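Undergrad: I am attaching a structure below and will ask some questions about it afterwards.
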Amino acid sequence: MRSPPGAVAALASVAAQLATAALVPRDAAAPTTAAMPLPFPAQVGIDDSNLATCANANWPPPSSPVGEVISAQLPDADLQAALGEVDPARIRAIVDKLVGFGTRHTLSTQTDPTRGIGAARDWIAEEMRGYAATAGGRMEVTVPGYVQGVASRISFPVKISNVVATLKGDKDPDRVYVVSGHYDSRVTDVMNYEADAPGANDDASGVALAMELARIFATRRPAATIVFTAVAGEEQGLYGSAFMAQTYRNASVNVEGVLNNDIIGSSTGSRGEKDPHTVRVFCQGGSPAGESKERAETRASIGGENDSPARELGRFIAEVGGNAFTDMKVALVYRLDRYLRGGDHRSFLDAGYGSAVRFTEPNEDFNHQHQDVRNATDGTVLGDLAEFVDYDYVARVAKVNLAAAWSLANAPPQVRNVTVDTSTLSNDSGLSWAKIAGAGAALVKGYEVVWRPTTASLWTHQLYVGDVASFRVPLTKDNVIFGVRSVGLNGYKSPATMPFPG
């Protein structure tokens, strides 16, 4: 294209001035008169008649050429029946009983039959044994523990015991899922083991949830094993859960998911805000513990930091747990936990069990956590008292947990060794995976490919590909995150697994 005549003249003028300026020595005196501004060249004309406008841009693509928009995994008749058995009155009775032990501080008495953590432990175990009696020998209740020596927040040697109810899977018993809460409590001074520490919300609510699910599941036969546990030592430093997680790790137990429930008892926050139909699920991202340096670097290079095992579990919980049958919305929070706080799911993550998440109420009221029971000068009642627990809300959170545990335990195992072909440049994406083997193979109907835009939080599309070990999708891997999940003969689906280059 020829430049307009005006532009040529202007450019020539600029060039002449620059040439003159170049002849002036660097140390020459500044001119005594103000320099004239250089004239700008005339604008070059552009024919934009064939260019699309922003309004016509097509990103992200409005639809996929293959597959279908993903849909929630709604409960079947059996799961609906189980959800209908969750009882707020039973949950309330458990919380009231635990509060009635006065304190459940880890360092409190273990010999008094009516007060302290020992009495609480014995009562929880006895209740769990009652549930086990209805399970036809498939549920075993144990109270494993160890003596913790003097350590952080432990001023003298003390026995730390967990109550563990294990419901053996009917078809794939070596695959294990854990539902947990902690039964110890505290007040303002974390070392004060004498004062009343009701711990109604933190965390009798979580223990009540785990116990209620143990009761409901005891009469049923999930395909995989589910463990319902009340752990101790959380407030002093996650001692009980660390002992449990390491015990499982040492025995090479295949824990495929941990649902930790801690502070799930209130729908009202410190400013009076109410959100009775939402529960937060905290899911850590990045590389899970034990991932090799090379694999972690690959994860970072492909944008896989948002597809950790914990976040895949979180997406699964949102898909199966947020619906009209639970009357809840699952709000995923992409971090390990809240600021300045911690929970027992971390013990499992640290032990190398990457699929561990935490359930917590949406709005917390710190007047009713870690507080001495008292009245403030303005009349505010302080303390973690049972009167501040919303039992209907706890029951709904229990339904989300029940839907998740049921769906996990009755689906086939999660797919392993998923790869995407990067051997050549292509706008198609070749995916491969290892077909489910062992006891879980009998549960499998086939496999499903899922995907989402790289900026999306949840899976957006799905494509059932059959009982195969590879599939080529007519989508570019550069623009989406893929996942592969197993589909059961009963319709239940596993959490997805993101592919690595292979």
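Just so you know, glycine gets a Cβ as well, placed from its N, Cα and C.
These figures come from a predicted structure and were not determined experimentally.
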Undergrad: Among D122, D170, D172, D262, find me the residue Swiss-Prot lists at the same Zn(2+) 1 site as H182, D202.
TA: D262
Undergrad: E235 (Zn(2+) 2 binding site) has how many other Cβ neighbours within 10 Å of its own Cβ?
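TA: For E235 (Zn(2+) 2 binding site), the 10 Å Cβ neighbour count is 23.
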Undergrad: Which sequence positions outside the region 'Disordered' (284-307), separated from its termini by at least 6 residues, show Cβ-Cβ distances below 8 Å to it?
TA: 334-336, 349-352, 354, 454, 481, 483, 498, 500-501
Undergrad: For the recorded Zn(2+) 1 site, enumerate neighbouring residues of the same chain (Cβ within 8 Å of the Cβ centroid of H182, D202, D262, site residues themselves excluded), in sequence order.
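TA: What remains near the Cβ centre is G181, G199, D203, S205, G206, E234, E235, N261, I263, G343, D344.
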Undergrad: Calculate the distance in Å between the alpha carbons (Cα) of D202 (Zn(2+) 1 binding site) and E235 (Zn(2+) 2 binding site), and round it to a whole number.
TA: 9
Undergrad: Name the secondary structure element type, per DSSP in three states, that contains H182 (Zn(2+) 1 binding site).
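TA: H182 (Zn(2+) 1 binding site) sits in a strand per DSSP.
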